[in-house]
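Enquirer: One structure, as structure tokens, below. Some questions next.
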Amino acid sequence: MLSEMEVKTSLLDNMIGVGDMVLLEPLNENSFIENLRKRFDHNEIYTYIGSVVISMNPYRSLPIFTPEKVEEYRNRNFYELSPHIYALADEAYRSLRDQDKDQCILITGESGAGKTEASKLVMSYVAAVCGKGQEVNKVKEQLLQSNPVLEAFGNAKTVRNDNSSRFGKYMDIEFDFKGDPLGGVISNYLLEKSRVCKQPRGERNFHIFYQLLSGASNDTLTKLKLDRDFSKYNYLSLDSATVNGLDDAASFRTVWNAMQIVGFMEDEVQSVLELVAAVLKLGNIEFKPESRVNGFDESRVKDKNDLKEMCELLGIEQSVLERAFSYRTVEAKMEKVSTTLNVAQAYYARDALAKNLYSRLFSWLVTRINESIKAQAKTRHKVMGVLDIYGFEIFEDNSFEQFIINYCNEKLQQIFIELTLREEQEEYIREGIEWTNIEYFNNAIICDLIENNQNGILAMLDEECLRPGTVTDDTFLDKLNTICAEHQHFESRLSKNSKFLTDHSLPHSCFRIQHYAGKVLYRVEGFVDKNNDLLYRDLSQAMYKATHSLMKQLFPEGNPAKVNLKRPPTAGFQFKASVGGLMRNLQTKNPNYIRCIKPNDKKAAHIFTESLVCHQVRYLGLMENVRVRRAGYAFRQSYESSLERYKMLCKQTWPHWRGAARDGVEVLLTDCSVPAEEFAYGRSKIFIRNPRTLFTLEERRRACLEDLATLIQKIYRGWRCRTQFLLLKKSQVVVAAWYRRYAQQKKYQKIKSATLVMQSFIRGWKARKILRQLKYEKRCKEAVTTIAAYWHGTQARMELRRLKTEARNKRAVSVIWAYWQGTKARRELRRLKEVARRKHAVAVIWAYWQGLQVRREYRKFFRANAGKKIYNFTIQRIMQKYFLGLKTTMPSMSPIDNTWPARPYMFLEGAHSELRRIFHFWRCKKYQGQFTEEKKAVYEEKLEASEIFKDKKALYPSSVSQPFKGDYLEIQKNPKYQKLNSAVEDKVLLADVVNKINRANGKGAPRLFLLTKNNFVLADQKTGQVKASVPLPDLTSVSVSTQSDGFFALKLKEGSASAAKGDFLLSSEHLIELITKLHRTGATAADRDQINIDISDEFLVQFNQDKVCVKFIQGGPKNGNSAACKRKNNRLLEVSVPSSP
């Protein structure tokens, strides 16, 4: 039990400073800041205020976010370990999973305080501790990869932060009953779109512009008509174009991969990049004045090259956009008035268009990401919300953006105090502790000053923007001075309140509001324009006319058919409504707070600027939060944990307490003489009023633990020494026994060895003696044998010599006779040869003489051209022989037989080739003469199929040997289809059963497919009822893959009546024949365009209003022999095609 207790840790163990500000003693602003400094200097960046986490930005990497840390804080009590953001994330996740409570995590702080990183840490922790599985991992990856996309388009480098979020983000992560993520929904608030056109000195535009120019390939930049040089674009500031530590090229690749993981199609990514490039081009458009007859100046575009390139990117007619920059049309009921724009107004219109284009693109991105990451299941979900929103802002020059940001923080502070008090009150009531009202500053009066529907500043700003007449920022300030003069939190030099008339820190064009975090001076310049946020109707209509795929979605108000003369809602009204919705959403969830603090303005590690931290502590209301938590009891702990921690302080509870935990705590506190007013007993927890009491218990516990440690060491050392002695004694006995055994074994081995040596010597001596006797006997036998052999040999040799002498005498006679006979034969041969040579010489001489006589006799009968005639005769004979031979070696009559007899002579080369060509044409003509019209049409279809699909689709070779039948249903003969046959007026060219693919699940439903000269029909297979009849002129193209599947898409003309429900995705076993007949029918009609055949492994199909990508991949053997279609997400159908054998 002791070891188990010592393993457990607590927030109070090894504490640097105070881990929970509620326990800080004494409590004042100086001690609060000093405690933060002490912990920051020791790399303790997290501190608690009850359940609130204070996070200090360390501006460097710390080894406290490893997977081991995740496991350390997993399923641990909130106060069990030292303060960490993982503890808060784990508490929120376990409450959601186990108690079925929806959670929200509110992350606030000024720019550079680490809010974005904190939200990433929360999401990464939740992703690490929730369930595993292919689908779950895919959802987690999509949720995490949505961050890089939103950061690229919504974050920018500022003087305070290199990756500052310039928009507010709230993400609802949805979980199932097991705690596994199902999806999410992202809401964005107030993108700082003014940054698109102008950035303060030392800051950059949004990251995506620099990432695109740095990381995109040369081909991509060429398509987007862009150059890598930042200086060529007016909207990009050059003094901070490159930032140390930011690799824009690598970030672009990260964003590209993240968009693909989230579910963006390639054409959607290209469309987004085209809009980003269009914004850059828009900033380069400049204007010049041009005088008119009426004396007014009219704006004209200086250099139309950038305008032309932008129009090409968006698909807009250049003249339409150029006119929108020069004229403005105002509509009032049935009247239209067109006015010219001067140069200043043209620049205003250009910047307004750029800001609206980028902000609407950002909103479209958020919507598109939501489509991909939203939960598919229809059951009830548990929700964890993560809010990463701007902190309170006080600059030297505060404008409309700071006003509404600070308004949002006022609302968050209000809900923070309300929920904190409510949480405290609920715990007191739950534990049975008497609740006393706590005095605190209620900032509802400030919220009412801003948002009151009658006299609020936002309401008066909207009223000023909407009223007729001359409206300026000064008239707005006059209205504020009239209505809000008596409000205790509003200050202005021109108000009726005389005490501010001599306040020189308050300029005439400004007003000041006393927020909960301090007084903020607002300059009214630009309030009216920024609240109006107007985009001229001419520009909206010009954008709507663009052929770009996204423009009609981004500028729906530009539709001429839906002209709305009602003024659009103002920026302030929209933000107020979105903040109200956010507050209502947060009210329904259990809140968890992370307050982020920036330690210095230099973005450097190890620097703690006390004045800056003090300023943030004030406007975050942290001291107010501590006071609320300490108003009752500063510390509370469950009876079990308290007894486990302090039981060693009382002899009755140490080491084990057998009764109830509460009874043990009561005995413990009584024994420790703790005053009764310092604590209270709840139903499940002990409440301690003063931190000093807790620290006294901790000191006594620490001293007691030292005594216990000494006792444990003493007992352990005695046990260790005795154990070592017994081990040595036992070892000595074992060693002695083993040695005696070893000595006896060695002695036995020596005796045994000596015995074996003696035995071997005796046996050797006996063996050698026997061997000598045997060798002697053997030598005697061999001597007798040798003598007898020599004697027999001598006798045999004497007899051999006698026989050889007789044989030599007989052979000598034979040899002499043979030599004599040879000599006589050679002499006779020489004589006969001489006689033969003489006879041959006479015959040769006689033949030559006869020839000479004949030539002399007949020379007078030969003409001069006798040689030519002989040559012609010879040639005729050769030709005759050639033709007769060709007759017998002629090839077959098949047109595909390429054999031909070899050429016998070189001079026949031309004739040989020409005869081959004539013969081939002749037999082709004979072969064609055998065709009927029907057979000819079939071969023409086969030829057209070859032109369309040969070497393009893997299914084609298997279709060559199959005849094109056309009517596979025998619709004319089958009585089942008589009703369907009567419904079709023209002749049926093809009738077959196809499968219509369902978008929802990728499964097919059988349909009858009928093709006539004018239309194609889809009918139900069972009933024969016509489901769809589409005229062929409405069919624009057919898409198929390159693989061996039977899937094809029939794409219909946009706007036609047939395209109301979108395109058709079908599959057929006779794909080659079906598409060939479709193409052939379209090609023979003179009144319509030819149908295009698109062969690609990835194409888009229009289903209702959505475009879905159909992607073909090679599948394994497990998929069987047929292609299988599976829905991957809302915009992707994946067809797995079995690999060819």
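Note that Cβ sites are derived from N, Cα and C of the backbone, with glycine treated the same way.
Any TrEMBL annotation is an automated prediction that lacks curation.
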Enquirer: In TrEMBL, which of 418-440, 579-601, 625-647, 1108-1130 is tagged region 'Actin-binding'?
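Expert: It is 579-601 that TrEMBL describes as region 'Actin-binding'.
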Enquirer: Give me the long-range Cβ neighbours of GLU110 (ATP binding site): same chain, 6+ apart, Cβ under 8 Å, in sequence order.
Expert: ARG160, TYR390, GLY391, PHE392, GLU393, CYS596, LYS598, GLN616
Enquirer: If you draw a 10 Å sphere around the Cβ of GLY109 (ATP binding site), how many other Cβ atoms fall inside it, taking every protein chain shown into account?
Expert: 25
Enquirer: What is the number of residues in the region 'Actin-binding' (579-601) that are helix, strand and coil, as DSSP sees it?
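Expert: Grouping H, G, I as helix and E, B as strand yields 9 helix, 8 strand, 6 coil.
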Enquirer: Let me know the model's mean pLDDT on the domain 'TH1' (953-1139).
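Expert: That region's mean pLDDT is 83.
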Enquirer: Excluding GLY109, GLU110, SER111, GLY112, ALA113, GLY114, LYS115, THR116 themselves, which residues in that chain have a Cβ inside 8 Å of the centre of the Cβ atoms defining the ATP site?
Expert: ASN57, ASN161, SER164, GLY391, CYS596, LYS598
Enquirer: Tell me the Cβ neighbour count for SER111 (ATP binding site), meaning other Cβ atoms within 10 Å of its Cβ, over all protein chains shown.
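Expert: For SER111 (ATP binding site), the 10 Å Cβ neighbour count is 18.
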